[in-house]
Structures are given as C-alpha cells and as structure tokens.
Amino acid sequence: MSNRPNNNPGGSLRRSQRNTAGAQPQDDSIGGRSCSSSSAVIVPQPEDPDRANTSERQKTGQVPKKDNSRGVKRSASPDYNRTNSPSSAKKPKALQHTESPSETNKPHSKSKKRHLDQEQQLKSAQSPSTSKAHTRKSGATGGSRSQKRKRTESSCVKSGSGSESTGAEERSAKPTKLASKSATSAKAGCSTITDSSSAASTSSSSSAVASASSTVPPGARVKQGKDQNKARRSRSASSPSPRRSSREKEQSKTGGSSKFDWAARFSPKVSLPKTKLSLPGSSKSETSKPGPSGLQAKLASLRKSTKKRSESPPAELPSLRRSTRQKTTGSCASTSRRGSGLGKRGAAEARRQEKMADPESNQEAVNSSAARTDEAPQGAAGAVGMTTSGESESDDSEMGRLQALLEARGLPPHLFGPLGPRMSQLFHRTIGSGASSKAQQLLQGLQASDESQQLQAVIEMCQLLVMGNEETLGGFPVKSVVPALITLLQMEHNFDIMNHACRALTYMMEALPRSSAVVVDAIPVFLEKLQVIQCIDVAEQALTALEMLSRRHSKAILQAGGLADCLLYLEFFSINAQRNALAIAANCCQSITPDEFHFVADSLPLLTQRLTHQDKKSVESTCLCFARLVDNFQHEENLLQQVASKDLLTNVQQLLVVTPPILSSGMFIMVVRMFSLMCSNCPTLAVQLMKQNIAETLHFLLCGASNGSCQEQIDLVPRSPQELYELTSLICELMPCLPKEGIFAVDTMLKKGNAQNTDGAIWQWRDDRGLWHPYNRIDSRIIEQINEDTGTARAIQRKPNPLANSNTSGYSESKKDDARAQLMKEDPELAKSFIKTLFGVLYEVYSSSAGPAVRHKCLRAILRIIYFADAELLKDVLKNHAVSSHIASMLSSQDLKIVVGALQMAEILMQKLPDIFSVYFRREGVMHQVKHLAESESLLTSPPKACTNGSGSMGSTTSVSSGTATAATHAAADLGSPSLQHSRDDSLDLSPQGRLSDVLKRKRLPKRGPRRPKYSPPRDDDKVDNQAKSPTTTQSPKSSFLASLNPKTWGRLSTQSNSNNIEPARTAGGSGLARAASKDTISNNREKIKGWIKEQAHKFVERYFSSENMDGSNPALNVLQRLCAATEQLNLQVDGGAECLVEIRSIVSESDVSSFEIQHSGFVKQLLLYLTSKSEKDAVSREIRLKRFLHVFFSSPLPGEEPIGRVEPVGNAPLLALVHKMNNCLSQMEQFPVKVHDFPSGNGTGGSFSLNRGSQALKFFNTHQLKCQLQRHPDCANVKQWKGGPVKIDPLALVQAIERYLVVRGYGRVREDDEDSDDDGSDEEIDESLAAQFLNSGNVRHRLQFYIGEHLLPYNMTVYQAVRQFSIQAEDERESTDDESNPLGRAGIWTKTHTIWYKPVREDEESNKDCVGGKRGRAQTAPTKTSPRNAKKHDELWHDGVCPSVSNPLEVYLIPTPPENITFEDPSLDVILLLRVLHAISRYWYYLYDNAMCKEIIPTSEFINSKLTAKANRQLQDPLVIMTGNIPTWLTELGKTCPFFFPFDTRQMLFYVTAFDRDRAMQRLLDTNPEINQSDSQDSRVAPRLDRKKRTVNREELLKQAESVMQDLGSSRAMLEIQYENEVGTGLGPTLEFYALVSQELQRADLGLWRGEEVTLSNPKGSQEGTKYIQNLQGLFALPFGRTAKPAHIAKVKMKFRFLGKLMAKAIMDFRLVDLPLGLPFYKWMLRQETSLTSHDLFDIDPVVARSVYHLEDIVRQKKRLEQDKSQTKESLQYALETLTMNGCSVEDLGLDFTLPGFPNIELKKGGKDIPVTIHNLEEYLRLVIFWALNEGVSRQFDSFRDGFESVFPLSHLQYFYPEELDQLLCGSKADTWDAKTLMECCRPDHGYTHDSRAVKFLFEILSSFDNEQQRLFLQFVTGSPRLPVGGFRSLNPPLTIVRKTFESTENPDDFLPSVMTCVNYLKLPDYSSIEIMREKLLIAAREGQQSFHLS
C-alpha cells in the first residue's frame, strides 16, 4: 500500500490560471512540459521590445483606450483569470464534469427556438465545416478557463490534438520545462516557476501545451493587440438591427463568434488585422434560449470565481439562488477591455455555450470541455470554443484555415512543412474516432423493433460509456441517444432493458457531464420508477441517476415532485440507495424558495426521524437538507417553525452529543449554525431550545462531560476556531437581544456604515430560471446593457425587505416582544440555570481564544448575559472570575469593538453592583484605563510603538482600524470580524437577502488606491465607492481579491490602526482599509466611535469616581501602598535583610493583589534586578540574595546554615503564588500579534462546509506569481548573465528552486574567461546529468548564492518570504502594512519586478552549507565542543587529574536584560524575563547548594501561560502562515528562550513548522487537524508534496542494511519507506516496524555500545533467539572508553553512534518513532548540556554507584567542615579525619583505586591502577569518577552521534524541548494503562461494527486490562511500532479502526485469528463468541504476527 501522492489532476490543472497577466497561461497540467513537470518552471518574458511592450501593457491591463464601445466600456482588469482561478480549472478532472446546466425552467417560446434553429442552419451553411475539435480535458476546462484563454488573446493556436502545433510553439514550450524537477513536485505536477519567454511561448503554454493530455483544444484563436480593439469598435459601431438574433448581435459586438464563419472572415475582402478570432468550432448553442439568460450566465461568470466545487453532492452544490449572487466574488462586471470576446458577453457566452453546447448535433457538446455551470443557458454572446459540428466534410479545409490563421498572425509558412501531416493525422485520429461511429451503430440498435436487439445494443452502449471519457467519446450523439434510452426506460414489461437503459444514462452523465442537460428530460420517467416499484434494481439505478442529475438540476427534480418520490420507499432500499435518496433531498433543498416549500413539507417528518439513524452519510445528508432549508427560509418565521416542528430540535440536539460523534467537524459547524439562525430569526424556537435544556448540551460540547458543579475549574475540550465561533454564536442567540439605545446606540456604528440605509423594500429581477435576485448597481448596469443588446425585457418585482423592519442597526428589537425576553421574565429559574451553566464557559472561551472572530462573539454573548441577569445572579456568577482585570485589559485593546464592549460592560456592572465594583475597578486598573481614555487626545490613533501591531491584552490582536473600517464595510459581510452575521443583534449585516451562505462568497471589498487607474476608470470607482457595502460589488478582480484576503475582511482586523487617518493614500493601496467604503464614512465612523468612547469614558468617571479626590485614603489602595513600600526595600545598595521579601511573600500569597497593582508598583523590574544584578556596588552578593529568596519563598536554609545531610526543603506555595500572579500580569500586558486568516468557515449550507481558513489565501498564492528579474551579481563576471528577461516565480517556491532552474541551464558553471557569448538560447540545453542529480538527491552541493540587495537568501526560504522580507521596495511599505494587516503583503509585491542577484558559491563556504536543514557551519559546532578543550585539558586531566569544573546552568538565565535571541518588543517583556528567572531558579536551585535534592521546586507545567498558548496554537493552525513560513518572530523566540510558557504539543508543532521544510510542516498540520483538508486541499497547495523513497531490506541483515539505507537517504528530504524482502506489505506499518526493529538491534550486547545488564528477549522471533540484549532500567547510556582502548574498536563504536544519530534525526524528520529507552544524561548530551552533568545524573545511569558516591560526598563535606573549624588543632583534626567512615569503614579500608567503578581497565588518571583512594584525595577521586562516567569516557561516542544527527538537521532546533521531553519526541508516549472510555473516544468501529457491538466492547475491556508488555505487543502488531505517539491513541493517525472479519456461513469465527492492515491501523476482528476466546486469539496473533507483512 504505497502512500504515494497521486498526481492529482487538480494540482496540475491549477497552473492554467497562474498567468498573472493572463498573457501566459502556463498549463503544465495540460502537459507541454511532458518530460518534466518541474518544480521550477520559470517564465522568461519577451525580449523583442515591441512585443514585450504590448504584452506587458496587456498584462497590466493598460490596453490603449481606443475602444469606447459600450460593450466593453468597463475597467480593464488584468487578472480576471486570477480571480476566476479557483473555478473549474482547478478541479480534478473527475470533478470537472459534474457541473452541468440546469435547464429546468425554460421560459422561452418555441418561435424563438425555431428562429434560432433556422439561423443555425444558415450559419452552418456559411461555414460548412466548422472545426471538429472537441475540447475535452483541461484545455478549456470550464468556461472560466476558456474565457481566460480568450482573454489572454495570445496568439494561441489550438491544433487538432494540439501535440505539436507549430515549430515556434514547440520551441517556446521548451524553455518552460525543467528536467531537473524535484521528484516531489514532479509527482505532484506542481510547477513553481513559469516561463513566459516570448510571444510564441505565451501562446504555446496554453496551446501547444495542450498536447500531453491530448486535449483537442477548442480551435484556434489569434491575438491581435490593438487591432482587435479597433475591429471590435468598428463592429459594434455597425450595430445590427434589433431583429437579429441575440447571438449574432453578441458576436458582432464582441467579435467572439461561436459559429465562426472562417471563409468569410478570411476572404480577401476582410482586412485580417482587424479580425477578432474566436475558437473555431464554437458550439452551436442556437438551440438554446435567446438572450435573456445570457444575463444570468454573465452574472454567473462574473461571480464564479471563488466558487468551489467538489465531487460529493453535499459538498458541491451551492444553492442556486446563492449561486447567482455569490459569483460576484469573481471578477468585476467590468471585466476587461482586454477581454476580447469575453469583455461583456464573453463570460456569459462561455457559460451559455458550455451549457448549450450543440445540443442538437449528433456530435454533441458533451465533449467540449468547459465545465458546466448551473447558470441558465444562453446569454449575451461572445464565443468560447465549445466546438462541435456535424462530421466535418473536409479536414483539409480545416488545415487550410488553420494555416491561413497562423500566417495571418505572421508565422512563417515554411513551418507548416513538417507539421502539416501530423496535424491532420491528429485531427482525424481524435475526431473521427471509432467511438462516435460505434455509437451511431448502437443508436440504430436501440431504435430497432426487436427487443433482443435493443437489449444487446443497450448492453453494449453501457460498456462503451462506462469505459469512455470525454476524450474517447468525441462526437458522441447524446442528443439522439438520450431519447432512445428514455423510450427503452419506459418498457415496463422488460426489466433488463429498463435497468440497462437506466445504467447507460448514469454512465453517460459520468463520462460526459455535459449530457446531463439532455438527460434532464428523463426525470419524470425516473420518478415513475420510484412511485411504483416493480423492480428494485431499476428503482435503485434510477436513484443513482437522479443523484447525479440533482447535482446540477435539483430544481427540475424538486418541481417534478421528486423529493417526495425519492423518499417514498426509503426504508426498502439498500443503504447505498438510501444515501443517494437523501443526497437528492439535500440537493433539492439547495436553493429552494418559500413558494416551493410545499414540495418538501410532507417529507419533513421522515427526514426528521432520519436524524436518529446510525449511518453517518445518511445523517450528514439529512443535516445538510435541514441546514439548507433553514438557510433559505431564514426570514420566513412561519416556515422555520414548520421546519422545526417535528422533533427536529430534539433529534439534532441528541445528534450533537452522541459519543463518539457521528458528525464531521464541518457538519457540526453547519448544524450549530443552523440552530443559531433559527434562534436569531425565530425567538420562539430559542425558547423551545432553552426549555429542552440546551445549556447542558452546550456546556457538554465546550467542556466535555462535567463532573460536579460548573463553577469549578473549567477545562475546554479542544475545538477548532470555527466550532467555537458557531457555539458562542448560538449561546449569544439564545439570549434576548440588547436594546439599541443608551450605551448600546453606538453598536449601530460598529455594525455598518451609516451610508447603508436599509430600504423598506428591495427590487429584484428574475433570471431565466425564474429565480429572483436583488438589484445592485453593478448588476443593474450589466443587465441594462445585455437587455439592450439582446432586445430582451425582464420581469422585476418589489419586495418588502425582511431586514428593514429590524431597522438599520441590524437588531430585531423593533419587532414585537422578543420571546426570549419574555422567558427571562416568566421563568427566572430557567434563565438563572442557563446563565450559571454557560457564563463561566463563555468567559473561558474568551480568555483562551486568539481569533478575533470568536472573541467578538463571546463579548456579545457575555454582554447579553450581564445585561439580562439580575444583580444577585450576577454576583453569584462573577465571584469566580477576575472580571475587572479583564475589563481593564480590554480597555487597553487596540480594537475599537473590544474597547466599546468593555465600556458597556463596565457601565452595566457599575449600575447593577456599584458597591462591589467601585473597589475592584480601582484596584484592577479599570478606572485608570477609563481615565486614560477620557483624557487621551488622539484616542487610540497612535498606540505606543511597542504595541502598534499588538492586541488588546485580552489577546485580541485586532486593532483599531478594524472596528471602524469594518464598521463601514457593513455588508461585505465581514464586519471586520466574521461575526458571520446570523444573529439579529450582531447580524443582519448581510445583504438585503442576508443569506449566510453567500457571505463568504462575496468577500470582495474594492480597494486599491494608487494603482486604481490601471484597473478602472476613476469615475466608476467613485460610483462604486458608496456602494461598496453592496454585497455583490466587486472591483477589479485582483484588487478585490487582495481585499478579500486582507484579514480585516475576516476576523483579523488590520492592526495598523493609525494608518487610516494618517496616510489615507497609502493605506488605500496597501492595507486595504480604505476604499472599503467611502473614505468619509470610514473616517466619520471611526471618529464617531472614538468620540463616543471618549465621551462615555468621561461620563463614567464623572458618574462613579468623581466623588473622592483620591488622596490616598481609599481602602482600595492599601495593598498597592504596602507593595510599593516593600518594593523600595528591595534595594541593592542597602542590605535590607530578608524582611522585605517576607512582606512581599505575604502580599503575594495572602492578599489578592491585582496584576494592575503589581505592574504599577514597579515590583517586577525591582525583583528582576534583585535576583540577577551582579555589579560591584551591590551591598550583598547575588548568591546570598538568591538563597535568601529561596529561604523566604521555599523554606530552604539561610546562607551559611546549610545542614550536613540533604537539603530537602518543602513548601513551594509562596513561589507558586508568585508565579501565578506573574503569569496573570503577562496575560494582561502582552500584546503579541497573531497573524491568522480567520473567517468562519464556508457557506454554511452551500455544501463546501470546509474550514475555509487559509484556503482562500492559499488559492491566491496558487494563482499569482512574483515577477523577478534574475541578474548576475556585479561582483562576479565568471558565470553567464541571465538574458531571459523577467521570470515569473511561484511565490511558495523555495529559493533553491531558482538555483536548480539556473544550474541545470548551465548558469552554475564558473568560467575562466569572460565570454558573454552564450545567451539564453542555452535554455534549451538543459544539462541532463545535473538535472538527474538534483532530482535524486536531497543534498546537492549548492552552486549559486542569491541576494536581494545586500541580504543573502537562505535556500529553504520561500521566494515570497524573501521578497517580502528583503526586497527594497518592500521597505517603504513596512510602515503602513505588515503581515498583521495584510497577509499577502501589499499589492506592490505582486506587481513590481523584484531583482534577485546570483553569484557562485565560494569554495570555502561550500563545506558549511551541505545540509538539508539549511544549517550553516555545523562543521564547527560539534568538534569545537571538545577539541580545543581536549587539547589543553587532556594533559591536565591525564597527568594531574584536574577536571573542568561543573558549569552552573542557572548562570545563563540570571540576566536582567533580554538574551540576544529575543528581538521582539512588548510591554510584557520584563514580566517575561522575571518568569524566565523564576523558572530557572525553580529548575536549577540545587546548583546553589552542595548537597541539595535534585528536584524542581515547581513543576514546569505550572508556568504554562494559557493565553500565549492559545495564541500559539491559533497561529500554528493557520495553513497560510505555515505555507509562507511566516511564523511571527515572537513565537519562535519565546519557544526557544522560554519553552515553559507552552505545553509540549504546542512546541512540538512549532518545532515541525520551523525545523523542516514547508511540506513536512503542512503534513504535520494536516495530521493534527484533519478537517483543514476536508474540502479543497486536493486542488490547492495545502496538500503537502512530500517525496517518498522506497527501500527494500532483508530482515536477516537488518542492521547492516539499515546503515546503508541511512548512508544513502539519511540526509535526503524524501520520506523513507521500507519494505521487506519476500513480503508484500508496504507503507506505514513496515516502515514503523523498521525503526522499532533497528532500535532493538542497536541494543544487542555484542555491539558494546551501552552500559547495563545482558538479558534475552521474552518473546524472541527468528534471529533474535539466543541473542543477548542490553537492558538498563534507568535508560541507556554510552559505555565509557578508557585512554587505552583499541582504535579499531573505538572507530566501530563511533560508526554505530553516527548511524544512531542519523536514524534518530530521520525518525524525527519523518514523524516516526524509535524504540530506544535512552537515559536522561543521553538527552542532555543531545542538547549540549554535558558540562552541567553532576553526581545527580549518575542516578540515571548506575544507581548503585551513585548511592556510594553520595555517601562518599557526605564524608567530603564533613572533612571540609572539620578543616574550616578554627578550634581544631592539627592533631585533633588528623584524628577526627581518620574517624570519618562510610558504613563503619574508613575510606582507606574501602580498597578503592583511581579506576572507574565497574571498569577496572579504565584509569581515571595516568597510573591510576596503582593510586589508592584515601581521605585526602577522596574529593579528587569523586570528581574524576563523575567526569569520566558522564563526560570524558563517552565524549567520542557523543561527538559522532551529534555529527550523524546534524547531517540530517541541526540539533539547535531541539532547543524547544527540555531533556526529559526528548524521550516523548523520539519514542512517543510513556506507557500507561488504557481505559475503556479513552479507547471508545479514539477508536473507530466500521464495516460491520459499531460502538455498541459486543465484539468492540469485549476488545476495549481486554485492552484496558493489558500490562505493559502486552500493550507493546499489541501495538507492534496493529501499527508496526510498539509505542504510541505523544497523546496516546488520540494522536494515532490514522485512528485505530476495528472492522469485522467476515466468514462463510460454514466457518466458525472462533477458529480464526484477527489480522491487521498496519498502513491504516485496521484491526480485522472476528466476532468471537466470548471474551476469553478473544483475549487468547489476540495475544496469539500479537505474539506470532510480529515481523512479517503478508496479505491476510
């Protein structure tokens, strides 16, 4: 089971959208780079200045504005295709077909149709042989793709099957290929850099390239720069009479004809340059309806862009109503002047044609590859080549036309010589393919009169279709075959024929997705089969067909009454058919309107009951059904009540709490969102939920099963930000809405721009499917334009706005009484229990989440609760929470929303509980902050530098601008925070329709200051400005995309708060705040809100705190005064004794001193100095001060009073209290920014309910490239100069990809002479040997270095990061925008050309850089550690017995200033430093005493800061941050300098993200958060492209072969996979077992590596029998060598240690576990802490020796005491020393000599065998024993070990961990017993078992009784590794799955053993009859089933 990543088509198709300028589509996908889809495809741009000019201009969209034709008057947006990118082009091929048009309502008259038909004939008469090219694969996948192609207008000739269109193309396609791809990307088809080398190249990339996938492209088209514009203008001038068909008109308008009359176009009378050519055989969509629908298509195309589709029906169908609107995200209406045929109409046409492609012709548009969309057919024209015409008469004329076409463009005719025959051959081969003639024969068979003949034909038709695809079925006559099959389907008497006919239709839709438009006609017949079931097979097959149809044509099914029919006999069907039926139901509910409710009403009870079903897929479809209904009816209160009437709420509530959960994360989010929507729009449902005890449910979902009162410690269960967001939204909606007057009036401004007035009514227009859409300005203009052009009229209607009555503020208070408020009054008990249950939880969620979206929601919910709770209840609820300090920190936030909320909360609390809070607000600093706000002049405009990008201390990293910029951008639906408006009080900031599901689809805020003119005429822009709140507004695609990515548009509000006011112009372009709504609105709103804050703060102070004059008499100040006094005593110049420390201890541990008081007393800084200062002036030495501190806070002895025995102080409570207080201070003060892209996930009901978090942005990276100019560095002349012009580079490519690109083209060769003769012609000459080298090794010697400016770029940095960090142009942006405000950097990054210099690597530098981890100079690190020391020391040690003193690790930490590796600034820095010192003291205090017990005072876990952890986790879950390598510096620096702030798993993730390449980091992220991957990783770059190398090893020589594998692949970046000789198993299991077995082999006694005792294995297998292994209960440590050991033996042992280093590093790198029980001192060596090893560490190696050493050390201490005793005479001293004994023996009598205990041949110094140990040299002896055992004797082994390790990646990356944690990192979790509850939560029963199955319960019971050895056996059997990863079963990936092993009825399960699939952790368990038999069989299998992988 090889886990090889598939070459997923999605990944590859992606590139076609890459062309930044649209001028060079580089579709690697479509193959041109056949031999090497490389990881670096760089695109040089044209050299010819003229050509370059035009293409450049076109790229930037500055086409000379000659054409003012109305049709294309809109802005020229260059990157239409970009925005469109995530559309079909991106889908894996399989998916591309699932979209097909919905032709259900066809409101057009027959006469029109006839008219069109005639015209069609007329046209075909004119062009008798339109091209037969059938586009099928990605060549034009999706309308969007063809549009893009067209728009690029490159001279792109699509040849028949494209493989070698013209010489020129061939040549130009070549530079884009790179033989030396990294295998990784090769496999994944991921080209990272793209070539746009010349005009030809630009075309070829999109055309010639088509070959590899043998697309038959859509014909040929030619780019004619300006001339086209003229032509277009002239054509539109001669605008045809209105009588002409819309189609023709469109053509004349846009020049894109779909039935291209070639002869006429090219007759001599036509001046060629003027032509605007379209793809030749464009489809005849004449049969489709006239113009009107084009509008729909047009809008659709405009909005298409980010519409994500995926295959599974639920995830796929964004609702129809939505679809029309949400597409707005795409490019703006004003598509582009350059849009050639696609300007106004093209997009529409594209869509229309795809839809209608040639329905009538026998050749069938089916094969045209544009992915169908659900838009209505037909629309304003503008051709896109969905080719197909009947069998074309003359292929020669095809060729002739093609040739004429190319020559017209200026291609030399002589190129046609060699190509001609090939071309026609290709034409013939594909188009005249056998398939269509075979289909014609079968068609006759289907129409025969003889049933047996019909049956035979239909069976063969099935075979033809099931084996076919769009390529092989070119010209399949769908139009004729479908009616024939429908006829057969009605032969009620012949089940066989019906069944096969039904199958054929299903297969046809699979193979030719476009055929579904025709198959729609079969819906009534399919439904008949379900209404009266005569043959169950036919009925089930009909369901399958309907399910496929429902993905595109759900409306047709719904209106035919199909929903009820499908569910009619649901229970009779097999489970798969049931799933299909429910999927159909879900799809039918997708865009249902209130008028269609009656179609579903009767099925609701059945669906409701279905929620209790066990089948996961059924339940999910049912949930999807309800979620879509609620979404679509959200403003129809009566319908919502009907939907929720039959037990729906109860069933869903039960569904949410089922353990283990049935719902996936995405579904869970959707269901909770559905509840929120119901509650906000229908308060009676909220009341019903409250009565059903929803509070307990929510508490359970957030905190897990509660034991005891909820007031106690609240531990949240881990949930994704989306889940938290939805749950808090629901809590918020269950409470009544806040009023909208008084202090809440300001919310209106926070909610939306005041410019947005919600009218009482909205106007809507009807599209061709009869769906109504609200008007907005942009739509209106397009509609008007199209209606005019097509002579169409459209129905419009006026509809009361559901939102209007809730007033502009978006609250629903103006409605009649809120039922929730009634409930609060009528049932206070219920309200009370609700509030008590959830307040603490909400509070905890607020404190622990870092994403602004969640925090804003929480804040709303808390405000509602506080507002509606009465005083008594409040007192009760609040007593356990430090509300005041939270309010204080919220008031210092940079986010206006948070500040406003905090002021409102303070006001409510002071009104309700004045006596309590008047004291707390003073002590906790609330009053201080409020006064600050009241007095501040420039309120919040320029926060102090330190926190510019900081967050409010509640961690809201959002910042001021957020509140208002968003305030204004109301309906961009973001509200600056995804308050994904579905609640009334913070909601309804949706569009007039307020549909949740559209929200994300329209996240387009036009923004762009300085560059605006390029994209759109200013006047347009200004018009749009006021309209920016209109949800559907979009502006130039690129700008809007950037805007949408600006995290402000999600919940990460921009942090450069001030920029808005200070530099409007710059902000406009950069941070994306301006242009979001008219600037005035923004600044007005900001100013208004600031004004409100200031005024409110002022009133607050007046009202509550003006009475006292605060002369210090206030009791609230007592603690502060005491603390200040004590702090002053901590004076270093005067010895204040320990009294001040005692006072501080009592303040900290007994009083409730607040963080505010600690901050303001100066205590932190003073204590830090007291503990660390080491200056001459100090009155008392630092050591004494530290001991005093320990005495006071830890009751250790005072200086000078140490006892002789062990120092074992007890009582760490005061120190613990101090640490907690400091941590609280840190949480309140820190303002670390979090860069997250945190909008709540997708359209709740549109299907792709995925975690959309960074995927939008990732798509952006996939579709945009950086423009770089490669230049030889001025310092060097001995490499070639790059002459290829600027190149386009994938932003996520690594710098080494550029190196590879250049080196394999010969730019890495250093030349002696300076001939500059060779130019970039050499691109062709790729050096194959170099390419292969790059391909096969992870470790090629670097040849070139790269610089941006003066900065040397690390090879493993992404180009994007390099440009962003070092590019000079980036500097000037740094001030106004940083990652925090815009993760994609400023637009400038994407438009400027960045210069990257290259020069050869100097010889002397090479040696340092050879390592994968990109480490530099490792060569020095290891040896320097020992060698210089050794040189001098060896003599002293050997001759004189002098060993280096033990270093005190505490020294390093005792510094009052930040260490040099902390570079960030933050207000909390002093607190961090103090905590660092306190942690060091707690950890290493015993180094201050000779004889202290070696244990921590406070466990490290007590230092963890939950707020920083929440921020870190949030940061590390963001795919975009990881893909761009954009981890904030504070996180990596704190992780290494203060690891104690974060728990182990957070640091482990941080380690993987920073230590390795991006793909590994992503892999790790996906392993830990599988839901990120749910939707769209396959076609975006989220999916990591990890290369895998497979090796086969022989079990008999495992160690030897493992060494050679590590030698070859140890330092390779590929993942290593192992297979065993003569065994079939491959993949994860054998690989894990390999590491475990090699670990075991390394413990063999005969290798002589370890200290310990020899044992044999208890369960030996094969060669293990009779082998002795070393065991050491304390953990393994290297066996020491003496000075006299044999060099050969030493060399062998060093080799093994070097190998061990590589093995361990590789295991860490590949997420594998080793099974080596290493001792703690081993890990200290790994972390370079060997110099601080002491006698304490001997305990972890050899406890027996360690105990003796301890006793002897006591004797040494007594001896010192005696010697210091002044009263002793010489004689009495001598006597006293002789009486010192150990166990009654004097030292001399112990008979020790100077050799290492246990190793008589290792002398501790020269001649040590002959030196006896006496009382006088005892101290020297003990020092030498410790030094030799832990350092000297083992240093050579460890140096080799570290060398081996560092050849894979640098050891310095392990600084995130403490030595005792490395065991977890390397070997997984510690053994502990397994409990049945955990097993139940973490293991998945499947395929025949559920959690209630007897066998599963038996299994859990057996597993929970296993001892350690049995656990290891079981794990090794099931997973391949005897240890679980950290986190135990929870972290096992994939999870342990228990499936039922099936048998024949004659066989008895008790006779069989269980078997496993280790790759996916499947345990195949027979259903044994008793638990005893199961235990016995399991143990036999586990023991015997080791070490072999055969098929079970």
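Each Cβ is built from the backbone N, Cα and C atoms, and glycine gets one as well.
Quantities reported herein were computed from a predicted structural model and do not represent experimental measurements.
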Students should find that the region 'Disordered' stretch in Swiss-Prot, chosen from 428-447, 1228-1247, 1568-1587, 1748-1767, is 1568-1587
Record (Swiss-Prot) lists phosphoserine for one of SER271, SER997, SER1255, namely SER997
Per Swiss-Prot, the phosphoserine among SER100, SER239, SER1036 is SER100
Of SER131, SER310, SER1059, the residue that Swiss-Prot annotates as phosphoserine is SER310
Between SER127, SER312, SER1196, the phosphoserine label in Swiss-Prot belongs to SER312
The mean pLDDT across the region 'K-box' (1496-1570) is 88
Helix, strand and coil residue totals from DSSP for the region 'K-box' (1496-1570) stand at 56 helix, 0 strand, 19 coil
For the domain 'HECT' (1885-1992), the DSSP residue counts stand at 47 helix, 13 strand, 48 coil
